[in-house]
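Just below is one structure, and these are the notes that go with it.
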Ligand code: HEM
């Protein structure tokens, strides 16, 4: 009898532990994302993010660029799971150390601020990964870009991976075939890639990321000596000396770096894209498909907007199959 009792007790304890583990760390299936996920548990979630973003973008329009890029760097590593937001601890090395992130991605304090407001309204409900997805959409609208409905219900990871961040996030030096392969690996098409890179219509690049292009002869090669390109090259050289000034910045869209429009694609038509990876989409010998898409987006801003919105939803649907939790503080996993 006592053996039976202790056995049933062990089974009970095991079941409770499994149940708790399940509750604390739910698996993530992309089909779980829905537009109404927080409609009962946090009906004001979208309004809270929007009003914080409104204020932040009015104060500094580059905050919009920060949020769009953070969402991208989050989704390309383990899926959109807030892993990019994690700080180092004794047992975790954050993705902030990855080559494409270090000294580069920004906006963490803004995420903290939004999350604090959400925690005050609905504690433990809205994930950090969803904060990034909603904030990236709001950022886009606030600087003049398209609206899209953001499916929500993502979970936050309990892990981060610097190695995956180093291998999966594209770099500005990579050739077109590698860039395309990196997007295809994530289930994103060539059209998705060109449309999403179109977000370089806002924000800045550091000199260290385009020095080689402007002094190595590549820029002159693609620009075919058009006067506007020569003027752009001179501007870039002013910002970015051959030596030093690594962190000096230039807009990737010379004309309107704080407005979400299709002017970025014109820079590619002129051969004066700031990043080599951007120009590759128009000038690479393998760019027959991408250059046609660039032409179309320059001719038709509405098409660019539509494809960008669709691409952001697709990218946002990359979930982390490991599942996770709703972090209380986006920088640390829950204790
Ligand atoms: C071919 C793929 C891509 C490459 C190689 C690339 C590379 C870069 C680089 C090198 C910078 C400048 C960073 C710095 O100098 O610190 C940058 C900025 C930016 N990227 Fe990309 N990117 C790519 C795709 C994307 C995608 C898909 C998005 C969003 C959906 C995106 C959004 C942004 C934004 C908004 C900025 C400006 C950030 C700021 O102002 O701080 N990029 N990107």
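Each residue, glycine too, has its Cβ placed from N, Cα and C.
Not measured: the values here are computed from a predicted model.
Annotation comment: TrEMBL describes 73 as active site, proton acceptor. For residue 73 (active site, proton acceptor), the number of other Cβ atoms no farther than 10 Å from its own Cβ, over all displayed protein chains, is 22.
Residues annotated as Ca(2+) 1 binding site in TrEMBL: 74, 77, 79, 81, 83, 95. DSSP assigns residue 83 (Ca(2+) 1 binding site) to a helix in the three-state reduction. Taking Cβ-Cβ distances under 8 Å and a sequence gap of 6 or more within the same chain, the neighbours of residue 83 (Ca(2+) 1 binding site) are 74, 77, 95, 157, 159, 160, 161, 320.
DSSP gives residue 170 (substrate binding site) a coil state; it is part of no helix or strand. The annotation substrate binding site is assigned in TrEMBL to 170.
Non-local contacts of residue 200 (heme b binding site) by the CB criterion (under 8 A, 6+ apart in sequence, same chain) comprise 252, 253, 264, 274, 275, 278. The heme b binding site annotation in TrEMBL covers 200.
According to DSSP, residue 253 (Ca(2+) 2 binding site) sits in a coil region rather than a helix or strand. The Ca(2+) 2 binding site annotation in TrEMBL covers 201, 253, 261.
Residue 122 (disulfide bond) falls within neither a helix nor a strand when secondary structure is assigned with DSSP, and so counts as coil. For residue 122 (disulfide bond), the count of additional Cβ atoms within 10 Å of its Cβ stands at 16 [all protein chains shown]. The disulfide bond annotation in TrEMBL covers 42-122 (among others).
Summarising the annotation, TrEMBL assigns disulfide bond to 75-80 (among others). Around the Cβ of residue 75 (disulfide bond), the same chain contributes 186, 315, 316, 318, each under 8 angstroms and 6 or more positions distant in sequence.
Mapped onto three states, the DSSP output places residue 128 (disulfide bond) in helix. Sequence-distant neighbours of residue 128 (disulfide bond): residues of the same chain at least 6 apart with a C-beta under 8 Å from its C-beta are 82, 85, 111, 115, 156, 327, 330. Sequence annotations record features per position, and here TrEMBL assigns disulfide bond to 128-330 (among others).
Classification of residue 207 (disulfide bond) by DSSP places it within a helix. Taking a C-beta cut-off of under 8 angstroms and a sequence separation of 6 or more, residue 207 (disulfide bond) has the following same-chain neighbours: 239, 240, 241, 245, 246, 247, 248, 249, 250. Residues annotated as disulfide bond in TrEMBL: 207-240 (among others).
The feature domain 'Plant heme peroxidase family profile' is assigned by TrEMBL to 32-334.
The signal peptide annotation in TrEMBL covers 1-27.
The site 'Transition state stabilizer' annotation in TrEMBL covers 69. Counting only same-chain residues at least 6 apart in sequence, those with a Cβ under 8 Å from the Cβ of residue 69 (site 'Transition state stabilizer') are 105, 107, 199, 203.
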Integer Cα-Cα distance in angstrom, residue 170 (substrate binding site) to residue 73 (active site, proton acceptor)
10
Please list, in sequence order, every residue of the chain apart from 201, 253, 261 whose Cβ lies within 8 Å of the Cβ centroid of the Ca(2+) 2 site.
198, 200, 202, 255, 256, 257, 259, 260, 262, 263, 264
Among 42, 122, 128, 201, 330, please name the recorded positions whose Cβ is nearer than 6 Å to ligand 1.
none
Just how many other Cβ atoms lie inside 10 Å of the Cβ on residue 74 (Ca(2+) 1 binding site)?
30
Residues other than 74, 77, 79, 81, 83, 95 within 8 Å, Cβ to Cβ centroid, of the Ca(2+) 1 site?
73, 75, 76, 78, 80, 82, 84, 129, 157, 160, 161, 164, 165, 320
